Number of protein chains: 2
Amino acid sequence: MEKAFKNHLKSEFPFLCQGKLLLAVSGGVDSVVLAHLCKLAKLNFSIAHCNFNLRDAESDSDEEFVLDLADRLDVEVFIENFDTKAYAEDEKISIQMAARELRYHWFEELSVALKYDYVLTAHHANDNLETFLINLVRGTGLEGFTGIKAVNNTVIRPLLTFSRKEIEAYAELHKIKWREDSSNASNKYLRNKIRHDVVPVLEELNPQLLNGFANTQAHLNDSLNLVEDYIGLIYPEIVSKTMYGYNLKIDFLKKLPNTKAVLYELLKTFGFSEWEDVYQLLDAQSGKIVYSSTHRLIKDRDVLILAENEPDRKMQEYFIEEGENILMLPMGRFTISEVDEISKTAPNCVFLNAEKLTFPLVLRKWSNGDVFYPFGMKGKKKLSDFFNDNKLSLPEKESTWILCSGNEIVWIVNRRADNRFAITDPSQKILKITYTV
Amino acid sequence: MEKAFKNHLKSEFPFLCQGKLLLAVSGGVDSVVLAHLCKLAKLNFSIAHCNFNLRDAESDSDEEFVLDLADRLDVEVFIENFDTKAYAEDEKISIQMAARELRYHWFEELSVALKYDYVLTAHHANDNLETFLINLVRGTGLEGFTGIKAVNNTVIRPLLTFSRKEIEAYAELHKIKWREDSSNASNKYLRNKIRHDVVPVLEELNPQLLNGFANTQAHLNDSLNLVEDYIGLIYPEIVSKTMYGYNLKIDFLKKLPNTKAVLYELLKTFGFSEWEDVYQLLDAQSGKIVYSSTHRLIKDRDVLILAENEPDRKMQEYFIEEGENILMLPMGRFTISEVDEISKTAPNCVFLNAEKLTFPLVLRKWSNGDVFYPFGMKGKKKLSDFFNDNKLSLPEKESTWILCSGNEIVWIVNRRADNRFAITDPSQKILKITYTV
């Protein structure tokens, strides 16, 4: 196996021979064998071990074992202790996910601080097959079948083409000691059943199972790449970036031979779960919305608008005190000044009769009963009607700011002033308010 | 299950209720239960049973059982006997494949002759999962994971959403008898191991396995559809039809992010197995060829030419006897006539000095030592040089016909006449030969 490993290094990861490497070692047979092989291949590496403190004395014995291993191999070693349970509770994630996040985050820190080029992990061919079968049991899509990647940015898995049997046989042959790994947290039962009760039957049916499976996964990866290339090709015709997120063109989507599948690919990272509702939006009435925990998809005439969920409106209220000149707010800057006369107007600027204003002025989002007296029109108008007349989409309405004096609307910012505060006589005291993003 | 079946019919296959149906019944629990369910749903169906004669008396008992079933259900029944082993040997295919071909071919014949609208088969959810796992064991790509289709042209599988357990429980509850199916030919051992040793473990890990798996396969089908849509989208830019097969544009292929995967998709139905050789053709010297059992892929400057393998050249020889006027040949028609003078020449027509010809003239493909005296040129030329000067691709060279008089070339059909047989004096006896496709 030593020779096979060196050849594999040379052909697939020649860059590792020049690099400064950080090797993740749990103490299990896979990572201990990898450490020995790296030493034999004369790679420039240090060892990193995470103590997740999930198995009391056992965790500490693992730590001691790794310290001793580093000593015998004569390589530098880093140990970090984590309170994994607390982290999992804080972040509301599984123990397994917590361990994963803590581990990769620490590797990242170490790599940056001490200039490691690559992190090596000891995942092997059986890990890939087991994960495939676990995902089959749980239900998945193509991505769940494509497996752990041998090269994923700076994380490298040089044992991915070797089977667990090969690794264990090598350890036995060279009398390499390791610690039986009883971790794997929540996944343990499922993975062990797959490992001990399913994989051996499949291997009995085809002794070359793992080789064949590597080809199978290479094919699946090819297919996944082609799906991504396809989405990349049609993306610019369907999707356009907006101030609020993205617009998806319904007519183009509908012309595709597999509209639903494309819509799924476009939206899969936005947390939607009610996919039938999402698909039905294509033919729904304007205004219909489907929510995920973070996003909304809004049918708006000929587009689907993808936007983040609206933040609580009541929380968004800002005040302009009398005499204030410049106000920096999250949505932009308001400049307030007294002027002698009305200059050329622009949508982002309003001239107000200062005598009619009650301070502090209030900047807020619209609410249902809002009514104003549009400048240049007779009489009043519901704000909702004004929005609809101007064909504002829901995110446009939501992002519109209203400047108020007491309960009265002074200015629909960037859109329309109110008659009641307009300058009717040059002798009035004129306040100019300008909004810039 | 009866109610679930009726609902499933109504929502997924409403067209079956109006159709004239042919139900494939082996005598196993799946097809027998399907026959009962179709009767209860008042569908208009007949039964078709194939006796493959693979299990002697057992096969005949199955046949009797199905005859009896049809009698009890009071529906028409067709029985056909096949010599499956002989067919498999003749066609050089597996027994299983032979049974499949014979079965579907007979169903097709019956459907056409007796105007059946649809053929129903009793495949169920477990068949799909078992096939998935069999393909996993053997090694496959995305297509091998996408499963049996519920609707495949006129073949309909209305039980595909039901599990074997449900079907067996229904049979038991209603005391429906069936014949234990000991067929499945070469696949039997593999399928039985999967059925009895693997699937139960997976179902223990997730009792909702089959439901989840149906979703998984729906996702995989979506992905496969997107791959096909992508290939369909880029196909016209890469592939063009030629007289000899297809040309694939190398520069466009190389610009794609996943060239190899696209090349695989484009060529997968042409029997190639040495894919690395195929991929290397993109950068190979002009003239390099990779073969499959039926096709060749030829690097020719900026294209890959996909063509059928060349038929044996020696077999392709035709004779033009003296006095013959019209000759119909596989590649077209040759018209021979005596004329008084040379008219306007066209590439598909040649005027020869009849006195110099030795009959029968021979039409043949080119061979290596061929030399001729090109009309309008001084001296002789190797035919291979003539081809190269004219930048003929390999299939173009191969498809070119040579008209000979004895050992001498008279005409490179449609390309160039030979000086030696040219008319030099109006008094000569002129033979006009015209070739039309």
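Note that the numbers count up from 1, one per residue, in the order the chain is shown.
Cβ atoms here come from the backbone N, Cα and C positions, even for glycine.
Now, the feature entries from TrEMBL:
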type	residues	note
BINDING	A:SER26, A:GLY27, A:GLY28, A:VAL29, A:ASP30, A:SER31	ATP binding site
DOMAIN	A:361-433	domain 'Lysidine-tRNA(Ile) synthetase C-terminal'
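Taking H, G and I as helix, E and B as strand and the rest as coil, DSSP gives the domain 'Lysidine-tRNA(Ile) synthetase C-terminal' (A:361-433) the counts 16 helix, 25 strand, 32 coil. The 10 Å shell around the Cβ of A:VAL29 (ATP binding site) contains 22 further Cβ atoms across the protein chains shown. A:GLY28 (ATP binding site) falls within neither a helix nor a strand when secondary structure is assigned with DSSP, and so counts as coil.
This prediction places the mean pLDDT of the domain 'Lysidine-tRNA(Ile) synthetase C-terminal' (A:361-433) at 91. Counted over every protein chain shown, other Cβ atoms within 10 Å are most numerous around A:SER31 among the binding-site residues A:SER26, A:SER31. Local packing around the Cβ, expressed as the count of other Cβ atoms within 10 angstroms, is greatest for A:GLY27 among the binding-site residues A:GLY27, A:GLY28. Sequence-distant neighbours of A:ASP30 (ATP binding site) (same chain, 6+ residues apart, CB-CB distance under 8 A): A:ALA122, A:HIS123, A:HIS124, A:LEU159, A:ARG164, A:ILE167.
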